[in-house]
Structure formats: structure tokens, C-alpha cells
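As C-alpha cells, the structure follows; a few thoughts come after it.
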């Protein structure tokens, strides 16, 4: 009876999306082996984010792009090599827009000086994103992120193309893409709120949001036309803020922009096309503190996707190359 009760408790924990309980991750994982690791990472993130808020937005995007491809295993950090000339970071969804690699390098170097060979790059990516959200939200978004991820050895550009949802997905495609990672529709809506910070290349939205008929606010469309070429090219592809109202604040303004039809991506606008997701957008826009709390929970679920806690995972000595 006791064993059955234990199995039931574990099943309930997984069903309630306490992902860390299902994947061998633990809060305070480095308490004995490297007790200062999270403080060290936070100090490095703070240095960079206070100089350039865009780096913070990049770190939040970095963990998403890591976790959706091969799980949260630091595979997005790997540089090209003769044996693997096209890793994830060179894939179109990541190149040239993905940012924050230098922060991970700095944090890893600082950690290695204190605790060599102990802390994975995958954990540093998750901790750094957590800290970026904390600083950009002016300390409102507080996330308890467990540790214990190991670093992966596979990194292919095609995996990124096949797993990262593009900016033109409709709501059903978005729900399906997130469901494939064990995340539900509310997680998708809540995590989309990260588009409240950061910038986007014009090529990601002009063709289907500005040049073609869409539900975009007319004044906002004219604003974008002044900043984007009608036909962006690799040599002429400017960036614009994803949130024109509070561009450097990690807040719920994104949802107010969705309601006002002042968002860049078709996938952002798509959140209004389903009654269920439209209600979530409205709640996130209008209930103080609602989104911040939801984001903290959804982040922990996302940062537990496909983690490696045994073979073939490893703890890389340098985040850009496998051991």
C-alpha cells in the first residue's frame, strides 16, 4: 500500500507539471558541490544586463531555443567544428539573432575558477535566463530553478528548424509545438509573454503582417513601414523593438499590445483567434501580478524539457565545445 501511495504521489507530481520531480532535477542541486554557483552566475548576468538590456532579452530567448531542441542541454551553445560544421546556433531561427553567448562564457569561466568540472553549461543557461527575467522585471519575476542538467553532444541546424515554432504559426500549430514538449496551451500563452522584451528583424514579420492584409493596427503598421524596408534582405534587415511601449521591461505589456493589435508576429496575433487563449491574454493583460506568477511556473516546466541527467550527458569544460 505504501509503495502504491508513493507511485501515485509521483504520478500526481508529474501531472501537476512539477517537472523537476520527474527528471532528476533538484532545487539547490549544487548546495554541497558548488554552493556559490547561482550567486556567481547572477553577478555576471547583472553586469551585462545593466549595460545592455537587450542582452537580458537574449538570455531569456536562449534558454527557450536550447530547451526546444534536444532538450535543455546546452546544445545551442556549441560552435561549428570540422566534424560538425552546422550546429544549432547557425540555423536560421538562431543566426544572426540569438544573443547572450558571451554571458554564458563569462559565467562559466567564473564558475570554473571556483568549482572546476562541477557545473554544466545547460544549468548556467537556465540560471542566466532566470536572472535576466529577475533584473528586467525590476525584481518582480522570481523563479526557483532546479539544477542537475547535463550537457548534450548533439547539435544540428536541422533540429532547430524542425523544433522551434516559426513566427507565422497559427494558434493550433503553436499549441501542437508546445504539446510536443510536454507544455500545454496556457504555458504557450504565458511563455509568449517573453516577447515583451527584445528586438526582431523586419524579415520575421513584414511579409505577412505589414505587406499583406492582417489584423495589425493601422497606425502601428505605418510605424513599422517607416522602420522596415518593404522587402528585407540579408544586407538590409533592421531590427525593431518587440514591445514599443516598455521595450526593456519584462512586464505584461505584451498582452496589452496583443489586445490592441500592436504586435509584430502572426504567432502573437494568433493568440486572439481562440476563445480559450484570448481569455488567457485578457487575464494576463488586466490582472496585476497574474502573468508574473504564471511565467515563473511555466519557466520551470520549460527548463525541464528533455533534460539529460545521465549518459550521454556530460559537464563540458568549455561551453562552446564538447569534451
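Backbone N, Cα and C atoms are what each Cβ position is placed from, and that goes for glycine too.
Quick look at what TrEMBL lists:
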| type | residues | note |
| --- | --- | --- |
| SIGNAL | 1-24 | signal peptide |
| DOMAIN | 24-323 | domain 'Plant heme peroxidase family profile' |
| DISULFID | 34-115 | disulfide bond |
| SITE | 61 | site 'Transition state stabilizer' |
| ACT_SITE | 65 | active site, proton acceptor |
| BINDING | 66, 69, 71, 73, 75, 88 | Ca(2+) 1 binding site |
| DISULFID | 67-72 | disulfide bond |
| DISULFID | 121-319 | disulfide bond |
| DISULFID | 202-228 | disulfide bond |
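TrEMBL feature annotations superimposed on the structure.
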residue : record                : CB count, 10 Å
34      : disulfide bond        : 20
66      : Ca(2+) 1 binding site : 33
69      : Ca(2+) 1 binding site : 30
71      : Ca(2+) 1 binding site : 21
75      : Ca(2+) 1 binding site : 27
115     : disulfide bond        : 16
121     : disulfide bond        : 30
202     : disulfide bond        : 23
228     : disulfide bond        : 24
319     : disulfide bond        : 22
**OP:** Pull out the disulfide-bonded residues from the set 34, 115, 121, 202, 228, 319 whose C-alpha sits within 10 Å of the C-alpha of residue 75 (Ca(2+) 1 binding site).
**Re:** 121, 319
**OP:** List the same-chain residues at least 6 positions away in sequence whose Cβ sits under 8 Å from the Cβ of residue 65 (active site, proton acceptor), in sequence order, or say none.
**Re:** 76, 88, 93, 94, 98, 160, 164
Original post:
In the same chain, outside 66, 69, 71, 73, 75, 88, whose C-beta lies within 8 angstroms of the Cβ mean position for the Ca(2+) 1 site?
Top reply: 65, 67, 68, 70, 72, 74, 76, 152, 155, 159, 306
Subject >> Neighbours of residue 66 (Ca(2+) 1 binding site) among the disulfide-bonded residues 34, 72, 319 (Cα to Cα, within 10 Å) >> reply: 72
**OP:** Name, in the order they occur in the sequence, the residues of the same chain whose CB lies under 8 A from the CB of residue 73 (Ca(2+) 1 binding site) and which sit 6 or more residues away.
**Re:** 66, 122, 149, 150, 151, 152, 306, 307, 308, 313
**OP:** Write out the long-range same-chain contacts of residue 61 (site 'Transition state stabilizer'), meaning residues 6 or more apart in sequence whose Cβ is under 8 Å from its Cβ.
**Re:** 98, 99, 100, 194, 198
Subject >> Averaged pLDDT score, the domain 'Plant heme peroxidase family profile' (24-323) >> reply: 97
**OP:** Take the C-alpha atoms of residue 121 (disulfide bond) and residue 72 (disulfide bond) and report the distance between them in angstrom, rounded.
**Re:** 10
Subject >> Of the disulfide-bonded residues listed as 115, 202, 228, 319, the one whose CA lies nearest the CA of residue 67 (disulfide bond) >> reply: 319
Original post:
Roughly how many Å separate the Cα of residue 72 (disulfide bond) from that of residue 202 (disulfide bond), to the nearest whole number?
Top reply: 28
**OP:** Have a look at the recorded positions 34, 69, 71, 319 and say which one has the shortest Cα distance to residue 202 (disulfide bond).
**Re:** 69
